[in-house]
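One structure below.
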C-alpha cells in the first residue's frame, strides 16, 4: 500500500514539475522579447547622437566662442561655463528622481514620451546659445539663461534615454550589444558635431589681432600667423557661421529624436516598480551606499575629468601653442574619426579580456600621446598622427563607462532583490558626476587662462598662457588618469562576479515566470 502511495506521489510530483503549455509559451515569449533586432539596436543607438553632437560642439567650441566671438572677458566666460555645467549637474539627479517617480509609476507616459516632449524646447535654447545679443551689458545673463535652460532640457532627454538601456531587453548580452551600437553612433555623433561645427566655422575664420600693433611688414615677420589671406572675413561673418552650424545641429537633433521614438519599443513589463516610492535623499543614500557603483562612478569621474580637460582646451592649444590656428578643426576631426573606427575593437577587447582589463589598457594608452604632443616640436603631420592614435583611447573612454554601469545596477538588484525600479537614479547620478567634472574642467581652465593673461583674439599669447595650456592638456589629465585607475583597483565586479550576477538574475526572472504561470493556471481554473 505504501509502495503504491509512493508511486502515486512520484507521479504527482512529476506532473507538478512538468512545465505547463502556458508556462512554455510565457517563457518563449519572454525570451523572444529579450532579443533585439538590428533595426531596434540602430534606432536606439541613433537616439544617443544628439547628446554627443551638442556636447561635442559645446565642449570643443563654446570656450573659444565666448572668448573670441562673443568677446567676453575670460573671468565672465569662466563663470558661464562653470555655472552652466554645475546647474546641469544638479538637474541630473533631480530629473532622475522625477523619472523614477513619474515615468515608472504612470502607465500612460514612458521614457520615450518624455524624450520627445523635451526636444523642441531643447533645440530652441541650443540655437540661442550661439547667438550674440546686440546689448553688451546683457551678454552674460543671456548666455547663462539659455545655457542653463538647454542643459536642463537636454537632461530631460538624456536621463530617460540612458535608463532606457535597462528596459529595451531583459538579456544582459542584448543590452551590451545595444550599448556597443549606441557607443559607435555616439562617437560618430561627436564626429558629426566636430565636422559640422568645425568645418562651417573654419570657413569663416576671422583674422586675429596683432597685440595692438599696426600690421606692417615687420609685424608680419614677427607674427606670421595673422590671417591676411581672407581679409573679407569679418567677426560678423564668423558669428553667422556659428548660427548656421547650430541650425544644422538642431535639425539633426530633431531627426534623431524621432527615429528613437518611432523605432524603439519600451518593454513596459520590465519597468514595473515593486517597491514603494522613496524620497530624493533616500535615493542619494541608496545609490552612493552601493559600494561597486560608488567606486565605478568615482573612478570614471577622474578619468572623465582628464579627457574633459583635454577636450575643453585642445582648440586653444592647437591654435596658440602649436600654431595651427587654421587647422585645429581638422585635427579634432581626425581624433573623432579615429575614435569612431576604434569602438568595435574595444567592444571585442572587453568581451575577450574583460571590462576591467579594457579600462586599464584603454585609459593608459592615451598617456604617451599626451606627453608627445607637448614635448615633440610643433609639426602638423606629427600632430595628425598623434591625434589619430589618441582617438583610440578616446573610444575606450566613451564605451567603457556605459558598458560597465549596467553591471553595477545588476549587482544592486542581486544584493537588494526587494528594491527594484531605481535604474534612472543610478544613471542620473553617474551623469551628474561627469557633468560636474566637465563644469570644473571648463571653469578652472578658463579662469587659469585669465590669470595667465589670455589675450582675446590675439595672434600670439604670453608665455604664461602657453605653459598653462600645456598643463591643462597634458600634465593635469595624466595625474587624473592615474588617480582614476588607482580607484579601479578596488572595483569588485570582475568577469566571474558579473557572470554570477547574471545567473542569479536569470533565476529570479525564471521564478517570476513560474509565478505568472501559476497565476495564469489559477485564473483558468
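In case you wondered, yes, glycine gets a Cβ from its N, Cα and C as well.
Note: TrEMBL annotation is automatic and uncurated.
Small disclaimer: the values here were computed from a predicted structure and weren't measured.
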Transmembrane segment range according to TrEMBL, out of 471-493, 494-516:
471-493
With TrEMBL as the source, which of 17-41, 42-66 is set down as transmembrane segment?
42-66
Can you check which of 102-129, 186-213 TrEMBL lists as transmembrane segment?
102-129
Looking only at the recorded stretches 241-264, 293-310, 330-350, 357-375, 471-493, which one has the largest tally of CB-CB distances under 8 Å to the transmembrane segment (381-403)?
330-350
Which one, 241-264, 330-350, 424-444, has the most C-beta pairs under 8 Å toward the transmembrane segment (293-310)?
424-444
Checking distant contacts: for the transmembrane segment (357-375), what same-chain residues at least six beyond its ends satisfy Cβ-Cβ under 8 A?
299, 303, 307, 310, 322, 346, 349-350, 382-383, 386-387, 389-390, 392-397, 400, 404, 470, 473-474, 477-478, 481, 484-485, 488
